[in-house]
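A.B. asks: According to Swiss-Prot, the FAD binding site annotation covers GLY9, ALA10, GLY11, VAL12, SER13, GLU32, LEU40, TRP41, ASN61, SER62. Taken from Swiss-Prot, the feature NADP(+) binding site applies to SER60, ASN61, SER195, GLY196, THR197, ASP198. Annotation source Swiss-Prot lists N-acetylalanine at ALA2. Swiss-Prot lists 2-510 with the feature topological domain 'Lumenal', giving similarity to another entry as the kind of evidence. Taken from Swiss-Prot, the feature transmembrane segment covers 511-531, and the record attributes it to sequence analysis.
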Amino acid sequence: MAKRVAIVGAGVSGLASIKCCLEEGLEPTCFERSDDLGGLWRFTEHVEEGRASLYKSVVSNSCKEMSCYSDFPFPEDYPNYVPNSQFLEYLKMYANHFDLLKHIQFKTKVCSVTKCSDSAVSGQWEVVTMHEEKQESAIFDAVMVCTGFLTNPYLPLDSFPGINAFKGQYFHSRQYKHPDIFKDKRVLVIGMGNSGTDIAVEASHLAEKVFLSTTGGGWVISRIFDSGYPWDMVFMTRFQNMLRNSLPTPIVTWLMERKINNWLNHANYGLIPEDRTQLKEFVLNDELPGRIITGKVFIRPSIKEVKENSVIFNNTSKEEPIDIIVFATGYTFAFPFLDESVVKVEDGQASLYKYIFPAHLQKPTLAIIGLIKPLGSMIPTGETQARWAVRVLKGVNKLPPPSVMIEEINARKENKPSWFGLCYCKALQSDYITYIDELLTYINAKPNLFSMLLTDPHLALTVFFGPCSPYQFRLTGPGKWEGARNAIMTQWDRTFKVIKARVVQESPSPFESFLKVFSFLALLVAIFLIFL
């Protein structure tokens, strides 16, 4: 009899978890509290309790070739950076293609997930749900929690003296939907993450004046990178990742700063991070420099005091009149349906082995999928987590002893990747390629470059020097996809097909042949160094 698995949430990670369960012969039941799938990517005019919320203009920060499921590319005619409405359509295509909808119970809230009395032996869970005011209970062999971390807004009002006396309007960025509310207003956006910069830029087209307040600064980059290529297809390669992890941190930091400042000198724009010894998570915004240099957005430091109709920033005694304050101050995460003894959250951190498994459970039958913030796309990350987690739930893969897992968790908390700086979600950050490769190793699905070099050198060069696209994760092992090689070799074709409507014939450069030979030799050297 197939093991029954309860999946909480039908967003990007929930859909991947359903599919992974089916591939391993398990019986998934997904509970989704809203009336449709998509999670974060489904725009609604009103904020829904317990579900991530996005504004109308949201576009993906990772391009389509890097943010798809590993065996299901985006349609060729989709733009490289996908608007939320088309992203939702893609998720629906995925669900229909793999026949996932019949495993989802919509409008069903998970009220509680508790251990059964014999859980020490069976590992089973009792899941209590609510559908149309009717409560039901069922026993499951395992549970996969796929609710993400963008549902509980962090609103640190105590850190803003005088905020209670403010007579204007203030709200968290989670409440923001359209820029119309900013028309002819003086707006202050607090927080310089992706949402904060997006909202400041949008407001600047309608507002009288816009201030963007940041305490620590940030590295702002464009989606359009070298020669107009998508940023992550250039930045996210195995070759570059090897260099970043091999070279001394000061050298990596210097090289990265130099590269980032080629587009925008952050010091001149008042954006440079306060702590430059570490590289913070990138902020993706194509318009911000233009809005700053044309006097539409004003960068300011942290706030000293909030008055009835104004604020005072820390570098001045001048009062700036303000009508609306937007707190783009991030999120905390919690699992209200889980007992604290199952997953305890302290100081924004959950003690999870590989960001997935509670280390103290006697039976590894509960997995948290998608509670991570990689420097890369969430879809392939969550999907890879689900592929490994399902095999652990099934009993095919084993976890280390609890003591070993706890030791690693503690070490991770103390030693975050050195090229990330502090931010609200520091505890969730990870090195994208290194992390995914680690999970792929557990299921014997990590690409073997040495073997590939002998059997398919063209593919090996592309995998090592080209974009680390999700298709690489399906070249071998369980869940191998026969279309993976072709998807890798044609990824640049799909990237340019939608934008290169005007084609000019180009003469082949003799230098290209030299570059190919050089790349091949560089690959040999790199592989030799890896196996030293």
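Any Cβ shown, glycine's included, is placed from N, Cα and C.
Help me picture where these features are in the structure shown.
C.D. replies: The number of other CB atoms found within 10 A of the CB of GLY9 (FAD binding site), across every protein chain shown, is 29.
Neighbour list (GLY196 (NADP(+) binding site), Cβ cut-off 8 Å, at least 6 residues apart, same chain): SER173, VAL189, ILE190, LEU212, THR214, VAL326, ALA328. According to DSSP, GLY196 (NADP(+) binding site) is assigned to a helical segment.
With a 10 A radius on its CB, ALA2 (N-acetylalanine) counts 13 other CB atoms from all the protein chains.
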A.B. asks: What whole-number Å value do you get for the CA-CA distance of ALA2 (N-acetylalanine) and ASP198 (NADP(+) binding site)?
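C.D. replies: About 46 Å separates the two Cα atoms.
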A.B. asks: Give, as a single whole number between 0 and 100, the mean pLDDT over the topological domain 'Lumenal' (2-510).
C.D. replies: 92
A.B. asks: Rank the binding-site residues SER13, SER60, ASN61, SER195, THR197 by the number of other Cβ atoms within 10 Å of each Cβ, and give the residue at the low end.
C.D. replies: ASN61
A.B. asks: Across the listed FAD-binding residues, GLY9, ALA10, GLY11, VAL12, SER13, GLU32, LEU40, TRP41, ASN61, SER62, what is the farthest Cα to Cα distance, given in whole Å?
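C.D. replies: Output for FAD binders GLY9, ALA10, GLY11, VAL12, SER13, GLU32, LEU40, TRP41, ASN61, SER62: max Cα distance 25 Å.
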A.B. asks: Far apart in sequence but close in space: which same-chain residues, 6 or more away, have a Cβ under 8 Å from GLY11 (FAD binding site)?
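C.D. replies: Long-range Cβ contacts: LEU37, GLY38, GLY39, LEU40, TRP41, ALA52, CYS146, THR147, GLY148, GLY370.
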A.B. asks: If you draw a 10 Å sphere on the Cβ of ASP198 (NADP(+) binding site), how many other Cβ atoms land inside?
C.D. replies: 25
